[in-house]
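Quick notes on the structure that follows.
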Amino acid sequence: MKEELLKRFTKYVKVDTQSNEESTVCPTTKGQMELANILVTELKEIGMQEVTVDEFGYVMATLPSNTTKEVPVIGFLAHLDTATDLTGKNVQPQVHENYDGKDIVLNKELNVVLSPKQFPELAQYKGKTLITTDGTTLLGADDKAGITEIMVAMNYLINHPEIKHGKIRIAFTPDEEIGRGPERFDVEAFGAKYAYTMDGGPLGELEYESFNAAAAKITFNGNSVHPGTAKNKMVNAVKMAMEFDARIPKEEAPEHTDGYEGFYHLISLNGDVEQAKSYYIIRDFDHLKFVERKTHIATVAKELEEKYGKGSVELKLNDQYYNMREKIEPVKEIVDIVSAAMRNLDIEPKISPIRGGTDGAQLSYKGLPTPNIFGGGENFHGKFEYVALESMVKATEVIIEVARLFEEKE
């Protein structure tokens, strides 16, 4: 299993599937469709049934039931795209066997070092096989670890018919990282009663609470005048954007929050004197606080427009997804089954809120309750991203055990 996981994973991460927020098509990048087609071929090769990919890049496939029992159809999902925070082009995965617990030099020329001093959690991976970046790209374990684990789990179940299970549906979705994953996902065609995303982090993570999420795009329209004659005429759009940001509570940012605390996050600020654009994401687990955060953004935008004149500040504020806890708690047994599966494999479940989003958040509101299971990765969305091969083995085993337990309980 280890060898298959390593082979598939290092193949998948080399396909550039970074999504593109600015694109209006689906999938937003050609690389996602390229990987989708690779997976379709491989799914057919291992013996999966009803293998399809649609024009939008959604891959679906079926592992038929091998039991006489009436077992609910369950699904497992992962996303094709990688994050936009750092390039996903020309990913060169580095394999470090029997990690010694010390610094890992990812890139000597650029002096990029993955160090336990900066990332103390590395200590728990001593003796494990770590897969890292070369210090110039992200790795893409989010979520190609999940894709790999689903592929290997399905292959294992096909080759071990003695493990009884009901019908299993799997799906690989595009554009999760920009919040569009479930937009064109056909829940009815997928046909599962419950599903799980393999999109979590370290070993044992199990999540069924997510943020309420919104995005704010703000355009500041200034007035560019020659600096020599600018008095009482120039309006600097960049300074307007800075003034806006000064009204956002500094302590309520990702770098100062954890647990159930929400935040405002300035993703980007670009512009010049004439025009500047800021992009924020807004996150909170509590719906009332979520609404308050959006109201604050809108209020600051309105007040700045009143100060600088009509049309000087343009705000586009839209909701992205909501806390899935409301939809999963009524069927909490689907979380309990995963907890039991983990314990059967000597994994201690670590149930915590997702400080992020998964396709499961939106799918749960579309009628498909979808908790999130660990994929094994750490430090997602950056050059220090890595995954332990042993954690991927455990995640694969959890998929298999969940399928077995659903059949056993009927």
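Using N, Cα and C of the backbone, Cβ positions are placed for all residues, glycine too.
Residues annotated as Zn(2+) 1 binding site in Swiss-Prot, with sequence analysis given as evidence: His79, Asp142, Asp199. The active site feature in Swiss-Prot is assigned to Asp81. As annotated by Swiss-Prot, Zn(2+) 2 binding site applies to Asp142, Glu177, His381. Positions annotated as active site, proton acceptor by Swiss-Prot, on the basis of sequence analysis: Glu176.
Feature map: annotations from Swiss-Prot on the structure.
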| residue | record | Cβ contacts under 8 Å, 6 or more apart |
| --- | --- | --- |
| His79 | Zn(2+) 1 binding site | Asp143, Gly146, Ile147, Phe172, Thr173, Pro174, Asp175, Glu176, Glu177, Gly181, Thr197, Asp199, Asp359 |
| Asp81 | active site | Thr17, Gln18, Ser19, Pro27, Thr28, Thr29, Gln32, Pro174, Asp175, Glu176, Glu177, Ile178 |
| Asp142 | Zn(2+) 1 binding site | Thr82, Ala83, Asp199, Gly375, Gly377, Phe380, His381, Glu385 |
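Here the Cβ of the residue listed as 'active site, proton acceptor' has 26 other Cβ atoms within 10 Å, regardless of which shown protein chain they belong to. There are 16 other CB atoms within 10 A of the CB of His381 (Zn(2+) 2 binding site), with all protein chains counted.
Other Cβ atoms within 10 Å of the Cβ of Glu177 (Zn(2+) 2 binding site) number 27 in total over all chains. The Zn(2+) 2 site is set by Asp142, Glu177, His381; from the centre of their CB atoms, other residues of the chain with a CB within 8 Å are Thr82, Ala83, Thr84, Asp85, Leu138, Asp143, Phe380.
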